[in-house]
Amino acid sequence: MDRIIEKLDRGWWVVSHEQKLWLPGGELPHGEAVNFDLVGQHALHIGEWQGESVWMVRQDRRHDMGSLRQVLDQDPGLFQLAGRGIQLAEFYRSHKFCGYCGHPMHASKSEWAMLCSHCRERYYPQIAPCIIVAIRRDDAILLAQHTRHRNGVHTVLAGFVEVGETLEQAVAREVMEESGIRVKNLRYVTSQPWPFPQSLMTAFMADYADGEIVVDKKELLTADWYRYDDLPLLPPPGTVARRLIEDTVAMCRAEFE
């Protein structure tokens with residue numbers, strides 16, 4: 001899976017270091033390896049996009065290293081592969097030594113895994129399951145400003161799934177903890193890999209059941225009901241949060257217009 005890049009190799013290049021992405025000119029590099037001074041570097045083939053290979057290279061380019069969020073407006077498939085590259089680069093960087101015996105590890109040749117020759121332990125990339133839910137009450141949707149979003153963006157509620165918890169239980173718990181309300185009629189919508197740093201978002205829609213909004217100030221700045229045709233600043237297109245909000249708006253329009 002890992003090999004040395006040759007002069008004629010071409011495709012999309014995910015050059016990553018410490019969860020950063022090389023973005024010369026603000027774009028994901030695409031083309032022949034020689035044009036990006038990548039010949040001779042180690043590369044991992046991580047997929048294909050539009051008939052061309054996508055490669056992950058672990059390297060700090062010092063200049064033009066940016067965030068994956070800068071390519072959020074790319075096609076979802078390419079964004080997903082870039083996220084895969086960043087997560088794999090960080091996985092290999094953080095698993096140089098075995099967590100059980102402390103001996104050096106090496107990469108598997110057959111799968112994305114790190115192996116310990118001493119104690120035979122095998123490690124895989126970590127994925128953190130999360131829930132994200134759009135809650136509707138008649139013609140309004142519950143939107144909140146999170147403490148980590150200081151840019152005025154209002155979004156739906158979300159949180160990590162705890163050990164020994166189902167996705168449905170996680171929705172009920174997170175909604176109650178963050179807003180103080182209960183929901184019903186929970187429906188699965190879609191999922192989205194979200195490499196910030198290693199989440200898998202599972203998206204739901206739900207209806208308001210009962211309760212008054214009581215904001216958890218550790219998590220949220222504000223939370224309120226917003227009529228579907230009078231919404232505040234929303235998450236950018238391409239995010240599953242935006243998809244949930246737009247789907248809820250479409251349902252409200254169909255019912256109230």
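Positions of Cβ are set from backbone N, Cα and C atoms, glycine also.
Note that the structure is predicted; figures quoted are calculated from it, not measured.
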Pick from 5-26, 159-180, 181-202: which range does Swiss-Prot record as motif 'Nudix box'? 159-180
Out of A158, A203, A206, A241, which is the one Swiss-Prot records at the divalent metal cation 1 site of E178, E219? A158
Based on Swiss-Prot, name the residue from R61, R62, R69, R150 that is recorded for the same substrate site as E111, Y124, Q192, P193, W194, P195, F196, P197, Q198, S199, A241. R69
Out of Y124, A158, E174, E178, point to the one nearest C101 (Zn(2+) binding site) in space (Cα versus Cα); all of them are binding-site residues in the record. Y124
Return the average pLDDT for the motif 'Nudix box' (159-180) as a whole number. 98
Between P193 (substrate binding site) and C116 (Zn(2+) binding site), how far is it from one CA atom to the other, in Å? 28
R69 (substrate binding site) versus C98 (Zn(2+) binding site) - Cα distance in angstrom: 31
Cα-Cα separation of Y124 (substrate binding site) and A158 (divalent metal cation 1 binding site), in Å? 25
